[in-house]
Amino acid sequence: MKGWMAKFRALLLFGSLTLVLSGCGKENLSALTPKGYGAKSALDLINISLAVMIFVFIVVMVIYAIVLVRFRKKKGQEDFIPQQTEGNKALEVIWTVIPIILLVIIAIPTITITFDLADESAAGDSINVSVTGNQFWWHFNYEGEEIQTSQDLYIPTGEKVYLNMKTSDVLHSFWVPALSGKMDLHPENENTMFIQADEEGVYDGKCAEFCGTSHSLMDFKVIAVSPEEYEQWVEDMKNVDPEAQPESADAQEGQQLFQENSCIGCHAIGSSPAATGPNLTNFGDRTTLAGVAEHDRDTLIEWIQNPESIKPGNRMSDANYEVSEEEAGKIADYLLQLQPSDITPESATSNE
Ligand code: HEC
Ligand SMILES: [Cu+2]
């Protein structure tokens, strides 16, 4: 009775764990709910391999069950040693040939898809973005467009967008599970992959290569909008005037403070090339602060005063500047009104 209870408890525990854990994960961060070309191909491969493995498992289990039942010692049967056989050509050929066939069934799509996903022949006619991984943030430079941005990567749906990737420091790995597989970033070699989103949406990205203290906080977003919205976004980003005066007096003071303190030394606004910190041209349109924190005024003030408390070990923490809470508030007002485009992450989720 006791043993039975223990088994029942274990079953209950595992059963409820399965139930609870199956609720984990977000749909826009899962390779099992693919929303793009690369991720769909990968899921096809997972399914083919799984089908083959389930087939093998079932065949083995059925034979096992038959043997167990058929060759049991029957009631009242005398002990005896069964007839001993050695070698059986037919059987050996069968159990060599079947696995070969199964491996070929897995190999053909694997090789086809591997080459297909590595195919860069369309890169010349496509959107190309230089991606730079930094501890612990992402920089995006739209080649030929004079657009530099960080953290949020805008792409049009239904098109291959080629990412030419490098890192400025240690190894990182670019991964948007719902859209495609991973690609490592190297300081020396440029690695290229393409992503293609089939549906509009905001897809979560992660750094998938341990890169230091805040590796787990090196998040980013891919924002897939319709091709027309993308065109609009490109136009808006190209037309940004980095010197433009904000409307409110506080934000104007904030702009002054941003320039007087060392902020401007590390953060570009407009299309000037990559600096030590993220480009803030469309900071007001971002969904998160520094890729992970709440995107609101209070959190931003805290970030400006003590970035270490939000992202340990980040490269802004050892910057030399002194701003009061009031000044940080004005800088926050300035940064939050940097909203050059009507195309925002909401555009990607509103048409659903
Ligand atoms: C030494 C260079 C440096 C200085 C100076 C600096 N920052 Fe930063 N800043 C960074 C880096 C690096 C990051 C990225 C941190 C991360 O996410 O790992 C960052 C991130 C940010 C972010 C978040 C950006 C995003 O994309 O979400 C804001 C906002 C910001 N800094 C504002 C400021 C302000 C305001 C000042 C001046 C008071 C300032 N920074 C001074 C380097 C600097
Ligand atoms: Cu990283």
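Counting begins at 1 with the first residue displayed.
Including glycine, each Cβ sits where the backbone N, Cα and C put it.
These features come from TrEMBL:
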DOMAIN    23-121  domain 'Cytochrome oxidase subunit II transmembrane region profile'
TRANSMEM  49-69  transmembrane segment
TRANSMEM  90-111  transmembrane segment
DOMAIN    124-236  domain 'Cytochrome oxidase subunit II copper A binding'
DOMAIN    249-339  domain 'Cytochrome c'
Contact set, same chain, for the transmembrane segment (49-69): CB under 8 Å, 6 or more residues outside the stretch: 102, 105-106
DSSP-assigned states of the domain 'Cytochrome oxidase subunit II copper A binding' (124-236) in counts, ordered helix, strand, coil: 15 helix, 56 strand, 42 coil
DSSP-derived helix, strand and coil totals, residue by residue, for the domain 'Cytochrome c' (249-339): 43 helix, 2 strand, 46 coil
Outside the transmembrane segment (90-111), six or more residues from its ends: residues with CB under 8 Å to it: 44-45, 48-49, 52, 55-56
